[in-house]
């Protein structure tokens, strides 16, 4: 008979952060057979989480390429010559079909593309609270499903008016705003501390594959369907719906509610995580303690500097504005070369996977504390990209060298995933979804602001203007990294447990719990 385990995370900081599992070399494949096969259920959850992030990024990003075949582009005269730029002709002719359906100006297009992020930001905190109350499965599932439905409706909305499309993109952002908070809640229930690096990195780095997949398939469809842009939204919308169907049958909120999990995996998770069932009667969210938590403030600052996933300031120009730099300064459009445009994302994804495994190895062997590992990996994810950006700006007109420096610098960002991206799980497993909502939500706000700041700084897209942007980026990344090194932590915070409540709050919370138990 399996031993009884607690329903809350109540083990000590030392036990939590220095925990070595009973069998630290446990296989993905377990010897016990079940009706679902022999693959550990936490790995199935991780794979489905990876597909959720990939689908989410594919659906949010497909409009960026499709809009080039939707909107008529008006010629605005000759391109200004940059005296410090590289030699070569920059063809500025209008290659867009003048018969495209929509005549939207640049401001309207900007509103359409940015509307997603307004909804995305707004839904982060509610998404975290929903996942905390109802579990991550349904919060994530219905969030992706709603995004898929809105993606399928995009051609219809666009043909009504630009305002219809702006509203639809806003609601699409609301649906996708639950993604990361819900995933963090699920990972807190399923992933032991010694596996957070590899599973967390694999799941969260799904955005790289989603970005590459979206760009490749969108370009392929536009080329071979003679610019039939609605097909793009139908394809990714259907893929999102298919993912939701599989998600409903394969994944569950916690190990205790999973009907096919093996006894061996249950015992392993009970030993390493400390519970099998989601605690449905958590104390009220400790907002005051969170707002004054030094490690959480450090994590938020570091996220602003690093997290280009939400198009934050730090590396926004590498992922989104690198083609503009290469075209206007280097006289070479990296977007025209599928291999070069996807290489930075693929290399970053591979680095994230390797860094995740290495992080877990260091944790399982107790070589360093979790806190030290998170700070080392965060520093690598700071110095590498910042150096690559600066060196590329001084690499002259050597196109291959510039692309190489950008690509290598972006690869070092892979160390971000097993450090900052999983750090919320370290600080508070009980409130992991809410923490992710706070951290990722603030990062998304900076993503709304940063494109406008870059536009102000590079009005003519000259080499010197871009170099200033890169130096500012270097400073932001390094300053936020230093803040995290001094303020960050890998230990569970005291406010993770109900004892953070004041005496009168504790009495009220206990009374509510007793009332719920009586109702049951």
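Glycine residues also receive a Cβ, built from the backbone N, Cα and C atoms like all the rest.
Across the domain 'Major facilitator superfamily (MFS) profile' (41-492), mean pLDDT in this model comes to 82. If you look up TrEMBL, you'll see 41-492 marked as domain 'Major facilitator superfamily (MFS) profile'.
Residues annotated as transmembrane segment in TrEMBL: 43-67 (among others).
According to TrEMBL, the transmembrane segment annotation covers 111-131 (among others).
TrEMBL lists 138-158 (among others) with the feature transmembrane segment.
According to TrEMBL, the transmembrane segment annotation covers 164-187 (among others).
Taken from TrEMBL, the feature transmembrane segment covers 199-220 (among others).
Look at TrEMBL and you will find 232-252 (among others) tagged as transmembrane segment. Outside the transmembrane segment (232-252) by six or more residues, the chain places 36, 41, 44-45, 48, 51-52, 55, 58-59, 62-63, 65-66, 137, 140-141, 144-145, 147-149, 151-152, 154-155, 186, 214, 217-218, 221-222, 258-259 with a CB less than 8 A from a CB of the stretch.
What TrEMBL lists as transmembrane segment is 334-356 (among others).
Residues or ranges marked as transmembrane segment in TrEMBL: 376-394 (among others).
Marked as transmembrane segment by TrEMBL: 401-420 (among others). Residues 196-198, 200-201, 204-205, 299, 302-303, 306-308, 315, 318-319, 322, 326, 330, 334, 340, 343-345, 347-356, 358-360, 373-378, 380-381, 383-389, 391-392, 395, 484 of the same chain, all 6+ positions outside the transmembrane segment (401-420), place their C-beta atoms under 8 angstroms from a C-beta of that stretch.
Here TrEMBL flags 432-456 (among others) as transmembrane segment.
Look at TrEMBL and you will find 468-487 (among others) tagged as transmembrane segment.
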Beyond the flanks of the transmembrane segment (376-394) by at least 6 residues, Cβ under 8 Å: 302, 305-306, 314-315, 317-318, 355, 359, 368, 401-402, 405-406, 408-416, 418-420, 463, 466-467, 470-471, 473-474, 477-478, 480-481, 484-485, 488
Any contact, the transmembrane segment (138-158) to the transmembrane segment (199-220), with at least 3 Cβ pairs under 8 A: no
